[in-house]
């Protein structure tokens, strides 16, 4: 086991905070409509230019191990927020930095870190409740476009494209983003279906940038049982290999020898395959497999239909123009199924919806209709150079996630105003002791920070703007794009409630953990002897605990 170094108390927290600040300072310059770009070096190929907070955070690794631990903690804030809401990563980072900075002052003054954390948690819970009260649902295509525009750093064309895509495929439809071949953005809607199962092995990935497996013009094998014996699969694999096309296998499970053989053949380029588990469970799984079969023009290989794997031929396999398989989702684009059969299937499911007695069953049936009838919208991002397209794609992805979040939990005034308004709800909040009250004050100050940073990035004086916005009420705020005060909802500056809520909760969670840290253990440099660094129990000296 490698030797470890241990750093204690104030020394540890100070170093961790330095790491937090280095990462947060790099990320927060991207916040708001006038946020700046960050250039990321690549070990091969052109550098990447981005305004996406989580992309910047993921690139940062610091040489100082203790600073790096602090940076990684804030990186976790951005990653968690990205995973949960798809946007708001920069806001979450700014909030985390503010909570750590304000909290450190109180910890250094001798207040109890655990009570500070309890006060922070209490204030955040009250702030989230208030956010939900001021939130309202998105009702129009215009509002969806406005949310997308704000998330795309004020680019209206992106907002309009996403709103149009949602209009075409519905709120339950699937929208994907691709590189375009022209200077302008384009929107294509193709018939398709997405289900919540991903690849069974990461070795199937052939697009490392997106961490997905993409296959063009594949055959699709549908089976309702587990596949573990490769001999059962050999006849159909040989037929597919002769055709020169890839294969997607959707089965209850693919394991053991069968999965290992598919992976090896894939790596060697003998037969490009991807294996995923069938969606759903029990009877619902059978119904979903049948949906996929009808959409792709194939048949489910099942005992009930008298078909077996050993005797399966290409005629029983479905086909599609393209398949995208991620860690958690599979999208079938432009299946080769007959339009009349698909329409008949949709009608059949609609009858089941009318007859359904439980809300859960009705909801799941409606999802199936949306997937069969809605199709997949593909936004093709245009640009003059590959670097421009990649940067724009990041913003389209963020905007897409933001609109999904807005549909899910509603919207609040944007531009950092919603967080200023929730301060009024927690201003009178009291903890059980003075230290908890200090924790509440930390959150009160941190809630100003996103607005301060947006204004700073726009080149204005933050304190003046924050004071004026705080004097107002409701939707009154500062539009950093135009430099004008007014009703932000009317001027289309909106944020999804889910994004704002998730950013605040994740920032408080990780910042609270960092404030309550009193020792840090990390691997000692190879050329240094293991030591307990100054500041440990019993180590005298100014500024350290005794």
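Cβ from N, Cα, C; glycine included.
According to Swiss-Prot, the ATP binding site annotation covers 30, 31, 32, 33, 51, 87, 88, 89, 90, 91, 415, 495, on the basis of sequence analysis. Positions annotated as region 'Disordered' by Swiss-Prot: 527-546. Look at Swiss-Prot and you will find 535-546 tagged as compositional bias 'Gly residues'.
Here the features listed in Swiss-Prot are painted onto the structure.
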residue : record           : Cβ contacts under 8 Å, 6 or more apart
30      : ATP binding site : 36, 37, 38, 50, 51, 52, 53, 56, 90
32      : ATP binding site : 153, 415, 453, 454, 455, 457, 458, 480
88      : ATP binding site : 81, 402, 495, 499, 500, 502, 503
Among the binding-site residues 51, 90, the one whose Cβ has the most other Cβ atoms within 10 Å is 90
Record-listed ATP binders 30, 31, 32, 33, 51, 87, 88, 89, 90, 91, 415, 495 have a maximum CA to CA distance, in Å, of 17
If you count the other CB atoms within 10 A of the CB of residue 415 (ATP binding site), including all protein chains displayed, you should get 27
Simplified DSSP label at residue 90 (ATP binding site) comes out helix
